[in-house]
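Summarising the annotation, TrEMBL assigns transmembrane segment to 41-59, 71-89, 95-114, 126-146, 166-186, 215-231, 238-260, 266-291, 303-324, 403-423, 435-451, 457-475 (among others). The domain 'O-antigen ligase-related' annotation in TrEMBL covers 202-409.
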Amino acid sequence: MKTKSVKKVHTIETQSFEVLLLSCIIFFLPFFRGLFFEKEFYVGSLLMALLVIGTLVKNSIAKEKITFSTMIEYLTAALALLYILSFPLAVNKYLAAFETIKTLTYFSAFLIAANQIRKKEDISTITWTILLSSATVAIIGFGAAFGSFTYQDAYGAGMISSTFQYHNTFGAFMLATLFLAAGEIVSNQGWKRYSATAIGYLLFMGLVFSYSRGAWLLVPVVGLAFFLMLKQEALKTVVLSLIAILLSFAMTISFLYKAVHTSNGLIGWTLLIGGSCLAAGIGFAFNKYIAASFEKYITKRKFIIGMLIIGIFSIVLLTNGYVLRHLPETVADRVSTINARTFTVVERGVFYSDASGLIKDYPILGTGGGGWATLYGTYKTYDYTTTEVHNYVMQTWIEMGTVGVLLLIGIYVSFVWIGFKLVKNVEDGALSSKLLGVICAILAMISHNFIDFNMSLGAFAIVFWLLLGVVAAAYKNYDTTEKKLNIRLNIPNAPFLLLAALLFISSLTFNLSISNAARAETLINEGYYYEAIEHFESAAKQNPYNADYLLDLANLQLLIGANVEDETLIEASKENMEKALDRNDRDFGVLQNAITYYINIEDYDAVNKLLEKLIMYHPLSDHTYNFAVEAYDFMANDLMQKGEGEEAQKYFEKILMLQDKIEGISLLLAERRENLLQDVTDIPEWYIDQRFRINLEGSTLEKINFARSVVDR
C-alpha cells in the first residue's frame, strides 16, 4: 500500500553520525552487568560524556544551538538539574553523587536523541540497535541456562536474568523490546520484516523464561493499547506475524523447557534457532498466501472484539486450571500464584507504606540520591533487606521530594500527549507504526517501573530515556500540526558542555578511585602496607564522599601505627575515622566498623554514642542486638579486669535494657506479622522466622545471662 509523503521540519541528506555513535554505545551497555554497579556504569557515563562533548563542539563550530521546543525536554532537563542542585542537601553524598552521574548520563542520551534525530533512518538505527542488543541479551540468558557458557547470575532458580542479573528487569526489557519488534514488523517489508519476526520469537521466549509475573500481566494491557492505536492498514501484518510467533512458540516451548532444565545445549540451541527461523518462515507464508483474504474479512474493530472475547475465555480456562495443565510445570506454578495476596505483592505494599513515611519527613526536596538505601532501616515495618523501593515514582519522590515527583509526572503526561499526537497526526504509515512500537515500549517500561526497580539498572534506564528522546525528536520533526503550547528556545552549547564536562570529570575520578582502592587491597595481601596507604589516600581524594575508603585507610593506619609505635600515623588514623563517620554515620557496616575501631583504641565514650546510633537507625535487625550485646559485654569485662567494677556495672545494665527492648520489638513484629500475612500462603517459614522476630545467637544469650547474674549480685 502506498503511503503518503511526510512533511519534515528539518532536512538533512546524510544520516546523523552522532546517532550512529550513540547507537553503538547503547548496543553494548546491557552486557556490562546491566550497568547496575559503579565500576561498569562509569564506562557508559564516560562514553556518553565524550559523545555529548564531541557533539556540542561540532555544534559550536557550525554555530548551531540546542533547541528545546517540547515540554518533555524542559521537564527532563529540570529533573537532571534538580539532582545537581539538591546534592548539597543529600543525606548520603556518596550515593547522591552516583545517582547524579547516572541522571546526567541518561539526560545525555535523551539530549542527543531529541536534538540529533532528523530522519526516519535515525529512528530506525536506534530501534534496530536496541532490538539487536536485546536479542543478544536473550541469547546470553539462554546460553547460561543451557550451560553453554557462564555469565554471573544470568540464570538461577530456574529463571533467566541474563546480563541484567535480575529476572524481573530482564522480563521487562524483553517486554518493551517486543513492542519495538512489533513496530519494525509493521513498518518494514522483506527480510527486515521477517528478521524482526524472528527476533520477536526470541524476545517472547525470553519474556516467558524470565518468570516475571508483572511483565506477563502487562502483555495484554500494553498489547491492547498497541492495537487500539494501530492503523487499520497495518493490522494484517502485525496480526499474522503475531500468530506466526505464537505458533512457533507453541511448537517449541515444551521441548525448550526440557532443554533449559536439563542444561542440554545442543537441543536448546537447535530449538531456539529453529523456532526463530520457523516464526519467520510462517510469517512469510502467511503474508504471501493468507494476507489478502485476512485484509478482506478482518477489521480492526472485529479483531479487538475477538481478542477481548479470547482474553475472557482464557481467564476462565486459567481459573479452572485447564490451561495450567498444558503448560510446563514451573510456568504453571508462576501463573497460578498471580493474585493480590501473594507475598511478593504484600511485600511491595510494605515497601511503599514505609516509603511514604520517609517522604513525609523529607517532603519538598527529598533526601537526595540514594536516600532509600540510606534511611530505610529506620522506617521499615519488619526486618526485610532491600536497597530499592521497587517503584520508580516512589523512589524519585523520596530522592527529589515533591518537586522531583511532579517533574517526573509532568514528563509522563507530556509523553502521553506527544505520543497521542504522533499516532494521530503522522501521515506516513510505516513511520507511524515504527513510532507506535517505540511508544508502547515506553508504556511497558513506565508500567513495570511502578512495581520494580528496573530504573536502578543503568542499561534499562538509558534505553528508557533514549526512547523518550526519540519520541520528542519525532514530534518536533514529523508532527506538522500547529503547536500553540510549545515554547521554542535556542540554548547556547556552553551550559550543556559544562554538564558534560562535569559528567566526564566526576566519572573519571570516581572510576580511578575504584581502581586505586582495588590496588590497595592487592598491596595489603602482598604485604606492601605503606604503598597501600598511598593508594587508599588517592582513592579518598578522588572520591571524597566514599566513607569506605576512609574506613579502610583509618584501619590500616592504626594497624601499622600500633605495630611501629608511630603516634603521627595513629592520629592520622583517628582523623580519617572521624571523616568517614562525617561522610556516612547511618550505614550498618560503617557503624559496625567504627565501633570495632574505637573499642580497639579503648575510646568507650565514642563506642557508646555509635551504639546508640546503631540501635536508632537499625532497630529491627538481629545483627544490631547481637553486635551491641557483644560490644557492651567486651567493654564491661575489660573494665572489670581493670578494677573499674562500678563502670562495668553500667554496661551490664545496658545489656539488660537491650533485652527488654528486644522483647518489646519481638511482640511488635509478631503483631505486624499477623496483620500482614493473613491469607498469604506462599511465604517460606524460614523467612517468617528470620524477618519477623529478633533472633539472638547462643553466645549473645550467654552474655545476657551473665550480665543478669552480675547485676543481681
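Even glycines carry a Cβ here, placed using N, Cα and C.
Keep in mind that this is a model prediction, so the values were computed, not measured.
Only pairs six or more apart in sequence are counted, and the transmembrane segment (71-89) with the transmembrane segment (403-423) gives three or more Cβ pairs under 8 Å, enough to call it a contact. Tertiary proximity for the transmembrane segment (41-59) is limited to same-chain residues at least six positions away from its ends with a CB under 8 Å from its CB atoms, namely 18, 21-22, 25, 29, 32, 35, 65-66, 98, 101-102, 104-105, 108-109, 111-112, 116, 458-459, 462, 493, 496-497, 499-501, 503-504, 507-508, 510-511, 514.
Under 8 Å from some Cβ of the transmembrane segment (457-475) lie the Cβ atoms of residues 22, 26, 29-30, 32, 34-36, 40-41, 44, 48, 70, 72-73, 76, 102, 105-107, 109-118, 122-123, 126-127, 130, 163-164, 166, 169, 172-173, 176, 411, 415, 418-419, 421-422, 426, 431, 435, 438-439, 441-442, 445, 449, all in the same chain and six or more residues away from its ends. Across all of the domain 'O-antigen ligase-related' (202-409), the predicted model scores a mean pLDDT of 88.
Between the transmembrane segment (215-231) and the transmembrane segment (435-451) there are at least 3 Cβ pairs closer than 8 Å, counting only pairs 6 or more residues apart in sequence, which means the two stretches are in contact. Away from its own ends, the transmembrane segment (266-291) comes close to residues 139, 142, 145-146, 148, 185, 193-195, 197-202, 205, 236-237, 240-241, 243-245, 247-249, 251-252, 255-256, 258-260 of its chain (Cβ-Cβ under 8 Å, at least six residues beyond either end).
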